[in-house]
Amino acid sequence: MELDDQLLQDLYAWLDQIPLSRPKKRIEKDFADGVMVAELIKYYFPSWVDLHNYAAASSTQQKLINWGLLNRILHQKSKTSEQANAMMTPRQNYTPPETDERSDANQTISQYARSGPPRPKPQGPGKKPTSMHNLSADVVSRIEFDEKEQECMAKDEQIQILQAKIRRLEHLLHLKDVRVEDLSEKLERVKGGVSRQPPTTTNGRK
């Protein structure tokens, strides 16, 4: 989808308000590796993103790592937000049954006169009343858990990248050792050939 000039101007004006690490030249290339997208999320939701987990990249592999990490974060946060909204939002389309208000009032007064005010229903053993505070605490705990889980996944990805680099370095060191050994053997052969050659003599003229 191509953006018209006005939309592009509005987009750049919005991006100019956000401190980004790189100058903006072409949108499709500036945000290709996901780093500046992570910076945008960090600006609006500081606790969601750790920028150290995102490395600027031109390789497809690192770009996939960055975008995979962003997708997991946004998926988890949107799922948590939906759960929070479901708990905090009252039921929709709920209509109380139609009753005669005067009849209900008369019944309540008569009941109060006969037996006194209604007693609260006893809570079962071990049950605590549910409150908005408890629901909010559950949501916060879930968000904190998701953040810790995200940090662990990011660290696991970093460990995998470092392990791949270590294997690459070990391979290069092995190739260097093989090369050094080969050159040493050639040098020994050259020295052996020189030592076996008879000395040359020159006959002088009388």
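Note: Cβ is positioned from N, Cα and C throughout, glycine not excepted.
When TrEMBL is compared with the stretches 117-144, 145-172, 173-200, the one noted as coiled coil is 145-172. The residues of the domain 'CH-like' (11-80), classed with DSSP into helix (H, G, I), strand (E, B) and coil, number 44 helix, 0 strand, 26 coil. For the coiled coil (145-172), the residues of the chain that approach it from at least six positions outside its boundaries are 47-48, 50, 53, 65, 69, 72-73, 76-77, 80, judged by C-beta separation under 8 angstroms.
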